[in-house]
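Asker: Would you mind keeping the following structure in view while I ask a few things?
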């Protein structure tokens, strides 16, 4: 894993990484048009051909063809501006946006080339267009948090974009966007000065057919590599959106939707046909079961009819039996009455005696209850007497308790009277002597002296803590620092650190902090290579340093990502240092030189640079990973032509330093083995890793300062001892005064306590007298309570006597009731004996009467049973006949005829036996059969309806396709012609074709290219072609769309990265021809580099970005005439 660099920047964008000065940085930018044909530059736009530029500059320093519109910037255009299509961008103004503090862009109606070095803010214009027109940040392929676009240190950013109006509009629409640094995703829009929701901006973009999210219209830098990987199906849709009229796009959507519906109809029809076939098969299989079920249902209906007939027959028979039994009972009752009339006199005596016995028997329970009640009453009276006696004893106990309390209260009265006498005697004594004011004065004097001592001690401590001790520590540290600096002047590292402190104070401050806090990190973090590394042989120092830059010597090196993040937070956020930090996790052993030392020596070089550096392994690994020092060869002597040719071969070394020159070879393998360029520079003396004599003047200055510091440290030590002695003396005095204060306060408290006690005697006497009165009142209450309790005891004794008298009177009543109960039992026994004698005498008559009664009872029971049975059968008959029609009733009567119930039962059993021989599966099979028949009918109707709809869809598809397909073929054909022509101009081949499919959602555009003669046309993707080839293919495809573009403008950001000069020149020429056509739409091309002698067209506009902290705040124009004069003077002086 190679090193990763970290630069101080709030923004996540490449073009903001050079912002170093925070809020102090004021970047201004103005865009102007310039002539490019006679340039002679490599990559930077700073080497104009002076003669050519001077000829074409106007009086105000601008090219004559690019004078800005009159009036203040941002003023609304009232009419169409010449050449601008509706929706084209007239103006872009940004405030505090990414790298810009303020910038205004005034593009032309055709090709706009935005040029400038990396980091000046070219891609920020692309970001402003995307965000300002209401599209999300993820379209850019960069940051997704909107507040990251606000300039570091600012609260908000604004973007204002003015578009060309349509002919029917009254004014040009001006869109303003506001972003807040505190809100990650919040943005506010204004349209023509009125705040509107984002959907209004989207609606406006739809009217102008602006599609920022379409790569065919808007291709930002971070999305260039994605274009070749766009799905061919998606590419067709994006191409049509960018080039085709709205009707073709609508027809494409209609065809996709219609085919989807047609496909759904077809699938549904096939599913319906399968379902219908299954249902018909099931219906045929159920036919035999249906016939058996119908037969079974007929038998079941017959059984049901016979069951109802049986119930009817049983009901009629029950009615007949009931009438017959009722007649028999009536006849028996009549016979019994006649027999009773003949045997009446004999039975009357028995009946009279039985009545007498019955009456006595009825009296016995009453007499028994009377005995029990009288006994219970007597028992209750006894319990009452016992309870009353308990209550009397309780009252007596209370009286005894009150008597004991009376004695206690008399004793308490005696004690209170004695206390009053003692207090009155003490009050007659002399008042104690106590002067509170005198005591307070003596105590305050001591307290005042104590506070004076404490104040003086605080002053001494404040001087010690705030002045003497901190200054002593600071002076001691300064002493140690000076001693270390003096010692370090005798070492190379010390000399190097001294030089870094003067030239790079932030680096020195970070290094010193790191030395003190090395233990805070997970792994060891290394300081700058200038301090941690050294050259093994000084004679190779300049050669080795020629392969390194200043940041390589001054960067800090971490060994893991966690330490990198932690160090970044401390240096950048807490210490506000401007330093570089790199991380390298690859071990040094992983970096192998491309040649052995023997082979390198034969080629005239002495070794690889890394072999001449001594230092920590991770730092050397960082230099290898970042600067390839294990592949950078060095030699003290120059190399011969043969050695040079051998060194620049593919198996040689890419860069080396030999003698007094530095060589760097660049090879482009994709353009053949001869595509090699070499850059040569003279080797300059190295700034680091050099041994220099000790600076005597600096050393003497440090020693003199050390002497001064030592003197100051001695004075501070003497002052501290003096203050410590004074503090000890004050502490001793303070302790003495504190002891005196404690003794004074104790004596005062004792005397004050005695005085307060004498002063409180009258109150205590009054309190004791009140207590005495209260106790006397309590004594009276006790005496009253005792009298009341004595009265209660007398009343309770009287009640006990009364209750005992009543109990005595109740005992004779109990005896009388008991005698009456016994007499009644005797009389009952005598009556029952007489009844038995009479019954024996008339037994035969009695038996006949009883038999008659039993017969009547049996017949009565039989009548009731038959009646209940008849009622139950009648209810069953009525229930079974509820849903019976007249026809069913006639049928049942016909079935019955004169048949008895037994014959009807036989018929019913015969039908049940017949039913057992007719078997069936599911009883609900008939319902299933009928329901399925209805479903089959419904499904057949649905299939017929869908077939009609499918036919209509097919006709509609054919009709739309007949109109849409030729137009798409023509459109793709035109794109193919332009694409193929563009490739022919660079001696390559390209082809655009359309893939057609039955499914319109699978129609696609295929891009095939060929860059070599011995190859076949191959599909463009992210794997087959190189980065440069993909860039050429992408820009040619986009150029092929230019003449057909429906969008008002198009943006391409750094598409020429990776192209070789020949292809880049031809691509630029084709782009100028196409984008500067009279009726072409607006075009933005963003690039950090340009070749010399490129083609120019009067309709193109060059926007040169000049930004940075040194642009004057009030300068709105750039004088290119003056720039040309300055360059001419520099060339002449050289």
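Here the Cβ of each residue, glycine as well, is placed from N, Cα and C on the backbone.
The shown structure was predicted, so the numbers you read here are calculated from the model rather than taken from an experiment.
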Asker: Name the residue range among 315-342, 343-370, 483-510 that TrEMBL annotates as coiled coil.
Answerer: 315-342
Asker: In TrEMBL, which of 445-469, 470-494, 520-544 is labelled region 'Disordered'?
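Answerer: Comparing 445-469, 470-494, 520-544 with TrEMBL, region 'Disordered' matches 470-494.
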Asker: State the residue range annotated as coiled coil by TrEMBL; the candidates are 936-963, 964-991, 992-1019.
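Answerer: Checked against TrEMBL: coiled coil maps to 936-963.
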Asker: Which bits of the chain, at least 6 residues beyond where the coiled coil (315-342) starts or stops, bring a Cβ under 8 A of a Cβ in it?
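Answerer: Long-range Cβ neighbours of the coiled coil (315-342): 848-849, 852-853, 855-856, 859-860, 862-863, 866-867, 869-870, 873-874, 876-877, 900-901.
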Asker: Let me know the model's mean pLDDT on the coiled coil (696-869).
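Answerer: Value for the coiled coil (696-869), mean pLDDT as a whole number: 80.
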